[in-house]
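Undergrad: Starting off with a structure, shown below.
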Amino acid sequence: MEPAKILVVEDENIVARDIATSLKRLGYAVPAVASSGEEAVERTVDTHPDLVLMDIVLRGKMDGIQTAQHIHDHFNIPVVYLTAYADEKTLERAKMTEPFGYILKPLEERELRSTIEIALCKSKTESKLRKSEESLATTLKSIRDAVITTDMKGLVTFMNPVAEALTGWKQEDALGKDVTEVFNIVNEKTRTPTEKPAA
């Protein structure tokens, strides 16, 4: 099995080399080291890493948090933050990008390895879940019967095209609405509306 590819994004050369050396010693591949957010995006395109280790404080137009958000949005690659700064405001900004980990400098190899392994495992699990959800959505959309799914509160979470045609509602308009607002079901015997269909 090939080692996981880790892109290192760190603007201090000596620190970047030390991190790359530690990663290689731990058995990971380091296809590139980037020193700015812009370069990190380029290296992500070039190398398709399995994970990005991202320093939060970077020189250039994009800091590490902005770069991580771009990588998350465009490439769906997990990011683990590296930083010497752990203030509350920075942590709150970082959390908005849904990182897979957060390591304080100076790095310890044991912590580095465990954080990377957990992040890679979580990424694989999320990828499998995403593929499963996409497959389910494709199946539900192709069913020739009307399908409306709800959460436990009876709020619409999905409608296939047949359900849209039957109800006159577009899925994006129906999402989060009470199912009885979108679709009325009547009792077969009494012909009265049911209070809540099964969720």
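Cβ atoms here come from the backbone N, Cα and C positions, even for glycine.
Automatic, uncurated: that is what TrEMBL annotation is.
Got these off TrEMBL a minute ago, pasting:
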| type | residues | note |
| --- | --- | --- |
| DOMAIN | 5-120 | domain 'Response regulatory' |
| DOMAIN | 132-191 | domain 'PAS' |
Undergrad: Per DSSP, what is the residue count of the domain 'Response regulatory' (5-120) in each of helix, strand and coil?
TA: 56 helix, 24 strand, 36 coil
Undergrad: Going by DSSP assignments with H, G and I as helix and E and B as strand, what are the residue counts for the domain 'PAS' (132-191)?
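TA: Counting residues by DSSP class gives 26 helix, 10 strand, 24 coil.
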